[in-house]
């Protein structure tokens, strides 16, 4: 991975990340393609209509179905999906923790039952990398010890200690595997834990950034805490993260969250919000959210957002989308997902431009001003 | 509507139909866009990826939701969907008959309850044309008296008599409306009834073709009767249909049915089979049907059909589609629907070529030979 810091504006950064498969300009939003498919879209949509340069896929889901060995058969995620740009895969720990009825972490890893067939599995730091070698992702996330918030001080401490222990095991294993010729074009990111506790966040950040990872993520946020607590934790944590490596805020978030986190030094984001909300009828625009189901859109000839250049806004009216949503037409899901993803991608693109122009403050002010009209 | 008989080969015909919105080369298969959307596809898919020149929409569904008045607000179906080629709309009678819990026909029309909200409605020959004027379709179907098969001789007779009565009312009303400037670019087709009874079919065909319709359909088939009975009824009925007007076999059918019906003089087809079967995992190919869910496709790198030039086959493997289907990914529905529709469209295109070349018999022989390999 090549990393360039292109510009800064306050704590906000514009960077360029070059993986084996693509060049990624940050800040960047990564659409979530859980089961090797961004829901309702196909690969050509992601390239031709949205010009994404990196998407996310979920290790837990692909390990269970179709199985990482099968994905490997096709030449990894790139060959399987025909998406020839970059993939980031998570470790699977979060889903093992959140989707499984029975999930137990110990010092060695996380035991869980498949949400599909109830079969039992055990994720260790090494195991989740083995899976990701098969998936062939450009950026692999290591196993971290997740906890539900609020947590006791003891559990929080254990999470930080265990996450560091697993990070060491991960980097050692990855170096060894790369020496054997496995995962040579794949990069590895560690995940800083510590809840909203400044001391634990600092400890986790310092311990992990001392290790030779290609980038660092902030995990364990956007799990129900107040927005301000999240913003403060991000601002606090980024100061302990190296300037010469990518910074990724996992699972975040609303457009407001993204604008605020960029201001606090984050480069990379992923979230199911644009696609999931699209399917539920919530559409993002420069002037705020709208519910496409609303009766007032029935006769509305205008596109969702008259300033939007997305495929959906260039072709279809609010009235038609309102009808498709009400009639539960499958077509709706794709058109709404394209619009919402375009909105998120454009937001981070515009943020980058503002950073390069050296006026992120005005960008942020305009962002809020348009939404309050 | 301009109609040209381009070539014949036995009873098979290649024709050209020019509507206000497009030029349609027949034999033609019309994808079904029930609620102003071909399920899982958008308008650009229908034009750019499938190059369809006519699609079908259902009057019953659009009358109930969003309402034909709303579609009219957008400039009819063309403005609403942005599909700027031809639409054929059915009369709504079939759905009033089949989707409603309570549906009663009398000499004036069909009374039914909405399957959406239980509201009561009454379709008359005039009413279904009024709805279709609002929809702005290029070809409107008139109300016919449908019956469930098997039916008594008395009921069958009543159906034929009533269908003729309604046809007369329809043509009278349409001429009057056109004089008033309504529906001037819209064409009107009558529907021949009579079950599988030769005498009733002849009577219905003779009575209807004596009226000044733009084209004629054969209705009331593909409702559970034996294939051979359908083929025989089509062969029998087409001899009473004028050579200088389009012939449409409603709701048919399998690829085999289409090949056989073309051989018996049919020009136009519609059926939900390609899209519905796609969603259920049944894929049509030149070598027969395949179930994409089958375990043997899990590691299959090949496209669905190596000879297929469709978007899906050009981009994706059986293995990836197998995975998307099993994971119930929305993306699957669009990709499979594109392939199946492409198959049907290509089949009728190839049939046309064979008719023009004057060797439909060889085309038919090859069609069956490939499927039995």
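Glycine too: its Cβ is placed from the backbone N, Cα and C atoms.
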Besides A:90, A:91, A:92, A:93, A:94, A:193, A:220, which of A:42, A:45, A:144, A:267 does TrEMBL list for that substrate site? A:144
Quick check: of A:174, A:323, A:339, which does TrEMBL put in the same Zn(2+) site as A:308, A:310, A:313? A:339
Stated TrEMBL location of region 'RNA binding', expressed as one of A:245-249, A:260-264, A:270-274, A:275-279: A:275-279
Within the region 'RNA binding' (A:251-257), count helix residues (DSSP H, G, I), strand residues (E, B) and coil residues, in that order. 3 helix, 0 strand, 4 coil
Local confidence of the prediction over the domain 'tRNA-guanine(15) transglycosylase-like' (A:11-372), expressed as mean pLDDT: 96
Same chain, |i - j| six or more, Cβ under 8 Å of residue A:91 (substrate binding site); the result in sequence order is A:59, A:123, A:128, A:132, A:140, A:141, A:142, A:143, A:144, A:191
Closest to residue A:270 (active site, nucleophile): which of the recorded positions A:90, A:94, A:220, going by Cα position? A:90
Counting other Cβ atoms within 10 Å, pick out the least crowded of the active-site residues A:90, A:270. A:270
DSSP says residue A:92 (substrate binding site), in three-state terms, is coil
Using DSSP, what's the helix, strand and coil tally for the region 'RNA binding' (A:275-279)? 5 helix, 0 strand, 0 coil
Which whole number of Å gives the largest C-alpha distance between any two of A:90, A:91, A:92, A:93, A:94, A:144, A:193, A:220, the residues noted as binding substrate? 16
